[in-house]
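Per Swiss-Prot, the feature NAD(+) binding site maps to 77-90, 290-302. Among the features that Swiss-Prot reports, substrate binding site is placed at ARG97, ARG107, ARG135, ASP226. Annotated site 'Important for catalysis' per Swiss-Prot: TYR142, LYS193, in sequence order, evidence recorded as sequence analysis. Swiss-Prot lists ASP226, ASP250, ASP254 with the feature Mg(2+) binding site.
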Amino acid sequence: MASRKLLLLPGDGIGPEAMAEVRKVIAFLNSDLNLGFETEEGLVGGCAYDAHGQAISDADMEKALAADAVLFGAVGGPKWDSVPYEVRPEGGLLRLRKDMQLYANLRPAICYPALAHSSSLKPEVIEGLDILILRELTGGVYFGEPKEIIDLGNGQKRGIDTQVYDTYEIERIADVAFELARTRRNKVTSMEKRNVMKSGVLWNQGVTARHKEKHADVQLEHMLADAGGMQLVRWPKQFDVILTDNLFGDLLSDVAAMLTGSLGMLPSASLGAADSKTGKRKALYEPVHGSAPDIAGKGIANPIAMIASLAMCLRYSFGLVAEADRLEAAIAGVLDDGIRTADIWSEGNTKVGTTEMGDAILAKFKALSA
């Protein structure tokens, strides 16, 4: 049996508490399902700065590059607000993305039936929502040059950011979108602003050409990004996989997440290029929520996003689709049973802490795996 190597980077704040619940699930996957996961641990963020003077050490970066996948908790907190910019905790995540060459960011927006009432939208609009936003992560306006503020010499200044995409960047993210759609409902909606942006014109052309060349079996539609934002709120269930660039993906993924009414419960994945020999992609999985330093150490953090990140890892890095399905079903089942951490609790439900929520999900997962 091939080994499955995981690097766990709990990080700061509630990261270690949430990761502790993931370790329980991994232990079960090994002891009862004999899946052979090998885990290593490392430091990232503020705790890495405290130990090494940098947001992630070279040694832990090497571990990340050698692993089949990385599970990442959260970084940052007031303790490190005054550290130098170049070693700030968030830099650890940025270095992981850069050195692992993770260019595809997957942000699911899933509405658990038991939490449909938490959305600001009508239940009939949101119930059963399951869409995936695929954001290009390493190009576009966040990385384009020049990027500067210049003094015009007349009392005025000019801020410059550059939106730039090359054909290969568009083609490779399009490939990921079409591949993902085949495992879902076989539809991709590509969003850009081709009406006012040349990069949008090229994006549209590149996605269209790639579709015709390699993915004609998948349904493709194009939509202007502003119209896409409107449609996300009007009728989100029309979408399956939304493909878009770095800037629009940043905006649209947060809009889609809040449709579910549970931003802090959603996972994400960042994938790199497929290895030419093994076909495997470098990958990092993390909850969407932050480090929540205000509740760290209190035992009340919600571990669902971290556990759901493990489910994404099982699905996309290891092809363990049945196990991923069961773990996601376990999360939904526990919510159906009325078990809630404080952040999602309401009258009539049972309030539990981090450990109790993790134990409940594991028990449900074990029952589904029997």
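Cβ coordinates come from backbone N, Cα and C, glycine included.
Shown here: features listed in Swiss-Prot, placed on the structure.
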| residue | record | Cβ contacts under 8 Å, 6 or more apart |
| --- | --- | --- |
| GLY77 | NAD(+) binding site | ASP12, GLY13, GLY46, PRO89, SER291, PRO293, ALA296 |
| TYR85 | NAD(+) binding site | none |
| ARG97 | substrate binding site | LEU137, THR138, SER270, LEU284 |
| ARG107 | substrate binding site | LEU132, ILE133, LEU134, ARG135, GLY249, SER253, ALA256, ALA257, LEU266, SER268, VAL288 |
| LYS193 | site 'Important for catalysis' | GLY200, LEU224, ALA225, ASP226, PHE248 |
| ASP250 | Mg(2+) binding site | ARG135 |
| ALA292 | NAD(+) binding site | GLY13, ILE14, ALA74, ALA301 |
In whole Å, how far is ASP254 (Mg(2+) binding site) from ASP81 (NAD(+) binding site) when you measure between their Cα atoms?
24
Indicate whether ASP226 (substrate binding site) is helix, strand or coil by DSSP.
helix
Reported as an integer number of Å, what is the Cα distance between TYR142 (site 'Important for catalysis') and ILE300 (NAD(+) binding site)?
35
Shell of the Mg(2+) site beyond ASP226, ASP250, ASP254, same chain only (C-beta within 8 angstroms of their C-beta centre):
ALA225, GLY229, LEU247, PHE248, GLY249, LEU251, LEU252, SER253, VAL255
Quick note, ILE300 (NAD(+) binding site): same-chain residues at least 6 apart with CB under 8 Å of its CB -> THR341, ALA342, GLY353, THR354
Among the binding-site residues ASP81, ASP226, ASP254, which residue has the fewest other Cβ atoms within 10 Å of its own Cβ?
ASP81
Using the structure shown, find which entry in PRO89, TYR142 (the recorded positions) has the sparsest Cβ neighbourhood within 10 Å.
TYR142
Looking at substrate and its recorded binding residues ARG97, ARG107, ARG135, ASP226, figure out the farthest C-alpha pair and report it in angstrom, whole number.
28
By the 10 Å Cβ-neighbour count, the most surrounded of the binding-site residues ARG135, ALA296 is ARG135
